[in-house]
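Inspection log for the structure reproduced underneath, given as structure tokens.
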């Protein structure tokens, strides 16, 4: 009979794969940004939120904070590298004011995570309490990461267009949330369960919204083609 630990490890590996897909999902968006030479109306919030989330989960997974969390460290460490690249690209292709704003937020995030790490490792002396403190903070900002696309969803509802809400990112968020929720429930970890269950919900809402607004988006794209105004956001995935 397969043990719960074996199932959890297998699900965790799948979760690592879906997380990688989630991290790489904005690649097409940044290819379009590079071609255009501008970020246009794309928001930096999802990338900044994901970067902060990954850094906090790396701290949570440290052996002196929450032992036996190597899968958490590996995927989030990789996520830090990928999201940092995206944020730096976003800064490079932004205009003056937006560039400065994103840069300031990035520096604040680095300082915040460094401060949390130093304070927890020096002032808190038990693994259980360290896990509680860092886990609670990670849950809060992990929830913000999954909620970050809400601002984009507002734009989608207002414009009746999914031009600036990449389908790949929404789908990857949904799948990633499912597998990490399962991983957390097998040996119940409240700190991993909360943000990922919310991520599943938010991802599902985005997918439903995408399907609802897809036809309207296609009409707008055709109208822009007629006027020769095709822009960055007009890369829309065809939903079969």
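Residue numbering: from 1, along the chain as shown.
Cβ atoms here come from the backbone N, Cα and C positions, even for glycine.
Sequence annotations record features per position, and here TrEMBL assigns transmembrane segment to 12-33 (among others). Sequence-distant neighbours of the transmembrane segment (12-33) (same chain, 6+ residues past either end, Cβ-Cβ under 8 Å): 39-40, 42, 46-47, 50, 71, 74-76, 78-79, 82-83, 86, 89-90, 93, 166, 168-169, 171-173, 175-176, 178-180, 182-183, 232-233, 235.
As annotated by TrEMBL, transmembrane segment applies to 45-65 (among others).
Marked as transmembrane segment by TrEMBL: 71-93 (among others). Below 8 angstroms of C-beta separation, residues 9, 12-13, 15-16, 19-20, 23-24, 26, 30, 33-34, 37-39, 42, 44, 47-48, 50-51, 53-55, 57-58, 60-62, 99, 102-103, 106, 192 of the same chain, each at least six residues beyond the ends of the transmembrane segment (71-93), sit close to that stretch.
Residues annotated as transmembrane segment in TrEMBL: 100-125 (among others).
Sequence-remote contacts of a segment are chain residues at least 6 beyond its ends whose Cβ falls under 8 Å from one of its Cβ atoms, and for the transmembrane segment (131-152) they are 43, 45-46, 49-50, 52-53, 56-57, 59-60, 65-66, 116, 120, 124, 164-165, 169-170, 173, 177, 190-191, 194-196, 198-199, 202-203, 206. Look at TrEMBL and you will find 131-152 (among others) tagged as transmembrane segment.
Taken from TrEMBL, the feature transmembrane segment applies to 164-186 (among others).
As annotated by TrEMBL, transmembrane segment applies to 192-214 (among others). Non-local neighbours of the transmembrane segment (192-214) in the same chain are 53, 72, 138-139, 142-143, 145-147, 149-150, 153, 156-157, 160-162, 165, 167, 170-171, 173-178, 180-181, 183-185, 236, 239; each lies 6+ residues outside the stretch with a CB under 8 Å from one of its CB atoms.
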For the transmembrane segment (45-65), could you work out the same-chain residues 6 or more beyond its ends whose Cβ comes under 8 Å from its Cβ atoms?
23, 26, 72-73, 76-77, 79-80, 83-84, 86-87, 90, 102, 105-106, 109-110, 112-113, 116-117, 120-121, 127, 130-131, 134-135, 137-138, 141-142, 144-145, 148-149, 151-152, 169, 191, 195
